[in-house]
Amino acid sequence: MSNKPFHYQAPFPLKKDDTEYYLLTSEHVSLSEFEGQEILKVAPEALTLLARQAFHDASFMLRPAHQQQVADILRDPEASENDKYVALQFLRNSDIAAKGVLPTCQDTGTAIIVGKKGQRVWTGGGDEAALARGVYNTYIEDNLRYSQNAPLDMYKEVNTGTNLPAQIDLYAVDGDEYKFLCIAKGGGSANKTYLYQETKALLTPGKLKNYLVEKMRTLGTAACPPYHIAFVIGGTSAETNLKTVKLASAKYYDELPTEGNEHGQAFRDVELEKELLIEAQNLGLGAQFGGKYFAHDIRVIRLPRHGASCPVGMGVSCSADRNIKAKINRQGIWIEKLEHNPGKYIPEELRKAGEGEAVRVDLNRPMKEILAQLSQYPVSTRLSLNGTIIVGRDIAHAKLKERMDNGEGLPQYIKDHPIYYAGPAKTPEGYASGSLGPTTAGRMDSYVDQLQALGGSMIMLAKGNRSQQVTDACKKHGGFYLGSIGGPAAVLAQGSIKSLECVEYPELGMEAIWKIEVEDFPAFILVDDKGNDFFQQIQLTQCTRCVK
């Protein structure tokens, strides 16, 4: 084994950044000199302002390129009617959110900051605290949601009440700029991050593509497609792989080279990306309720690996694609330009709020009557819900289970009304509710049979596909699972939710049990009382096509 001469290879060699920025301020930066070199001095206030503005912008606006991809669905003759319906709701939602009152999604996310600090940038220390202060200011001052739970011991938790802590990862690099990527990462998309430990045997053209397609299928619709999907093959460690997945899904590595070299540079496999996008379109899942647009795009990145390891990572950025770059240089503080006018992407003929035909359901009547009406319609039927709905999510269900396990039974409200799996953002002044879109249904699957056996949770409303145990429970007890569109939380708050009040557990914040009154609240029948599951039917249809 001969020794090669030393050669340093930048692991992620990126081309020039062509991101469009706007100048936030030229204050809080100055130039100095040290040992003959010019130094950029950055005051702590600059970091706080940067973080505050970046997370504000990302909470209410998305990138123009993303909005264009959504708009393209409306003009695609191959898109299903459900694809187009969901895309239109996303654009309407963005149009409302861009006003800066109701955030794009009710899950305003964990604040993640990746910073690369040039060696000739001096701050005097305390960078993490200054950035965290900016995150704090955003979540306190805007109508966002506090989603972070702090453990008091291994089992007891309390909401931090500020959305802190933020995840802040800072790196030292060459140069005289301080560059950032800020991500507001919701729980739904974060939970669709996976690591698979494979071997060299996977690395053949015949095996790898089929493997990735099968993994992609497991994503389901719970994280609000259309997705930006990222696959990473290889990595010097498991954590390097998953870190690359996160950044790739945020388009941070789009300017990587498209071929490798003997020194181990990361690269994109553009051809495999195209092939996988076609496969995603053929899955049939579409933009949540069947169709073509399961994904907007796919990124596939290849990394070097240890000979004994072959990590494969998969992750997504969801329809709330909240990623934003920022930087500080000698001119001042710069923030990536997001789309301030998403309404321009809505075709003129679709600007009115009419939704076409939907079955109107009056929820202010006995549960037996509501169930009897739903039983008349097949899965995939679009509904317009009107009346009272109970709102509760993870901790609320855990509280209800405690009651059942203790022999206390269920409160009457969980028997009399449908339950919506959700947790509201803060309510702006003059509004009935803050942004209030659905959370992932699957996390509540284990509770359904026990609840329905006692007459509760007979109609469930949430987002995404569910497990077989829910289908079985609904068939056994005569229940239904209705799908709400994951993503357009601002549309629901402005157009459908007429009142919001806390029913129980106010100390739990967004995890409390709430009651809402709704008008024309859109939903689809996804699981019925006869054992039919909309998503299983799609899978069977696709399998039949494969056999043919």
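Each residue, glycine too, has its Cβ placed from N, Cα and C.
Note that this is a predicted model, so its numbers are computed, not measured.
Site annotation for [4Fe-4S] cluster in Swiss-Prot covers CYS105, CYS318, and the matching candidate from CYS182, CYS224, CYS310 is CYS224. The Cβ of CYS224 ([4Fe-4S] cluster binding site) lies under 8 Å from the Cβ of CYS105, GLY188, SER189, GLN288, CYS318, SER319, ALA320, LYS463, GLY486, GLY487, each of these being in the same chain and 6 or more residues away along the sequence. Within 8 A of the CB centroid of the [4Fe-4S] cluster site residues CYS105, CYS224, CYS318, the other residues of that chain are ASP107, GLY186, GLY188, SER189, ALA223, SER319, ALA320, GLY437, GLY486, GLY487. Within 10 Å of the C-beta of CYS105 ([4Fe-4S] cluster binding site) there are 30 other C-beta atoms, taking all protein chains into account. Around CYS318 ([4Fe-4S] cluster binding site), a 10 Å sphere centred on its CB holds 24 further CB atoms from the protein chains shown.
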